[in-house]
Ligand SMILES: CC(=O)N[C@H]1[C@@H](OP(=O)(O)OP(=O)(O)OC[C@H]2O[C@@H](n3ccc(=O)[nH]c3=O)[C@H](O)[C@@H]2O)O[C@H](CO)[C@@H](O)[C@@H]1O[C@H](C)C(=O)N[C@@H](C)C(=O)N[C@H](CCC(=O)O)C(=O)O
Ligand SMILES: Nc1ncnc2c1ncn2[C@@H]1O[C@H](COP(=O)(O)OP(=O)(O)OP(=O)(O)O)[C@@H](O)[C@H]1O
Ligand SMILES: N[C@H](CCC[C@H](N)C(=O)O)C(=O)O
Ligand SMILES: [Mg+2]
């Protein structure tokens, strides 16, 4: 494809030189450059991509998108103070066609759940749909992991293109704050964006909560297309601020939740296997039986319904379809039941707020004690560890502090930081090794008790070490819980 033409489609002026250049692909890693590639050279958190410009040109790069001060010899230098943004906009036309209907979800917790629910609701409505996020690229047929919540820009755009070629017309993707701030998900026309909530996470990457929120709000400020819709969970402390961003941008506004105007949650009644939601929408009140437990899953279901309606879905039919939602992998997934009859739930809660939400979801179902197993990730926001311990202790009768992806840190020190927050409950134990911790919880649980194993959800490995020494040791909370139950019978 001609570079000048692509630039024109993207609304960029590159000059006559670009017209003579034929582009065969895009790459942000010099090791993926082939002859005819446009290379994006970005300063990163580990290394400076500009150092790889000579290697990229030697491998055949025909143009390099980089800051003005970068040295580019032997290829066209497309200079910008925001090279990641320019690279994304230049690359997008190359990956057309993309699916017709694209929506995005941001927020600290609930992104994966929402995009997966949107995908299911579209499927029920008869569309060929996919979701892109922490669980990978998921269609009705399969789920392929990308390793990140928001993949890098080249993977993201080529995934969208590949999905369109397979006939997928509808895509919901997760916009993480890292992804938004690194322009990893620009390109498709986004018809609607959603905000779920904001609470402490990733303060190793973002300087303050305000900066973290601002990164997320780029979804409404810039990523959703003109005339698009903002779907906002109305009951969060940050909802008003999010509404402000959507209004300032002139987006259509849909609010959902107890304070929601578009879909109002009038009441929520937990049942054994789910909950009955009383909803007011388009002037009518209806009852929907959601086959999932917990206030947080109800919240995500309503945000998902909002996105489906925002992108053309019928209101009544969409709300009725909530009754057909299947569980999302690793989100309050019932993994096993021990010999005493105590269920073991696996949940991806890895922030203080999420632990509180997961515990609140299970509480109405606990006859005896709630036993929570948790750890905190290494090389991630260390300030959330104590608050995670505190949240677990505040809501549980027994807490077992263990390991969760120590990465390059000392697992014992991470456990100690979580333990330091455990000042409330008296029954708190520290158990090194996640399998031993899950086994301890399973053997402690008696009739009427519930075990919550928090933090890893769908994850398939325990990440230990950093850089060259990094290893992913196979580990699946669901499977381990089943094995522990089996070992005890
Ligand atoms: C902190 C962070 O976000 N890092 C991500 C980011 O890396 P970076 O741009 O800082 O890259 P870098 O390693 O310093 O390299 C700079 C540039 O040089 C290039 N390079 C590097 C080496 C080389 O030999 N040749 C070369 O060209 C790299 O491709 C890159 O463009 O961009 C890379 C490519 O897209 C990601 O793989 C990498 O994710 C790392 C592995 C990571 O752990 N990310 C986590 C924190 C993350 O992104 N999480 C979010 C949020 C999770 C959530 O809450 O949902 C996510 O979206 O997954
Ligand atoms: N709406 C919500 N409010 C509070 N907590 C939630 C909500 N949705 C999910 N959670 C909690 O957060 C956990 C992760 O949910 P989910 O994977 O959907 O979020 P995410 O935003 O995709 O997370 P990540 O940032 O890791 O990609 C759940 O297992 C649950 O404990
Ligand atoms: N997307 C999240 C996943 C955290 C999951 C938890 N198991 C951990 O390793 O902290 C992150 O990268 O912070
Ligand atoms: Mg996610």
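Just so it is clear, glycine is given a Cβ too, placed from its N, Cα and C backbone atoms.
Pulled from TrEMBL, these are the features on record:
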DOMAIN    23-75  domain 'Mur ligase N-terminal catalytic'
DOMAIN    105-307  domain 'Mur ligase central'
BINDING   107, 108, 109, 110, 111, 112, 113  ATP binding site
MOD_RES   216  N6-carboxylysine
DOMAIN    330-457  domain 'Mur ligase C-terminal'
BINDING   380, 404, 405, 406, 407, 455, 459  meso-2,6-diaminopimelate binding site
MOTIF     404-407  motif 'Meso-diaminopimelate recognition motif'
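All features noted in TrEMBL, drawn onto the structure.
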residue	record	Cβ contacts under 8 Å, 6 or more apart
108	ATP binding site	196, 197, 198, 199, 200, 201, 351, 353, 354
109	ATP binding site	196, 197, 199, 296, 349, 351, 353, 354, 357
110	ATP binding site	196, 197, 233, 296, 299, 300, 303
112	ATP binding site	133, 134, 135, 149, 174, 328, 331, 348
113	ATP binding site	296, 297, 300, 304, 328, 331
216	N6-carboxylysine	106, 107, 175, 177, 180, 195, 198
405	meso-2,6-diaminopimelate binding site	375, 377, 378, 456, 459, 462, 463, 464
406	meso-2,6-diaminopimelate binding site	377, 378, 414, 462, 463, 464
407	meso-2,6-diaminopimelate binding site	377, 378, 379, 380, 463, 464, 465, 466, 470
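Residue 404 (meso-2,6-diaminopimelate binding site) has a Cβ environment of 29 other Cβ atoms inside 10 Å. For the pair residue 111 (ATP binding site) and residue 404 (meso-2,6-diaminopimelate binding site), the C-alpha distance works out to 21 angstrom. Cβ neighbour count within 10 Å across all protein chains ranks 111 highest among the binding-site residues 111, 380. Closeness to ligand 2 is met by none of the recorded positions 216, 380, 404, no Cβ falling under 6 Å from the molecule. Highlighted in sequence order, 350, 375, 376, 377, 378, 403, 456, 462, 463 have their Cβ within 8 Å of the centre of the Cβ atoms of 380, 404, 405, 406, 407, 455, 459, the residues recorded for meso-2,6-diaminopimelate, and are not part of that set. Residues 105, 114, 174, 196, 197, 300 surround the recorded ATP site, their Cβ atoms falling within 8 Å of the Cβ centroid of 107, 108, 109, 110, 111, 112, 113, which are themselves excluded. Mapped onto three states, the DSSP output places residue 407 (meso-2,6-diaminopimelate binding site) in strand.
For residue 459 (meso-2,6-diaminopimelate binding site), the Cβ neighbour count at a 10 Å cut-off comes to 19, with all displayed protein chains included. For the domain 'Mur ligase C-terminal' (330-457), the mean pLDDT of the prediction comes to 96. Taking the Cβ of residue 455 (meso-2,6-diaminopimelate binding site) as centre and 10 Å as the limit, one finds 28 other Cβ atoms among all the protein chains shown.
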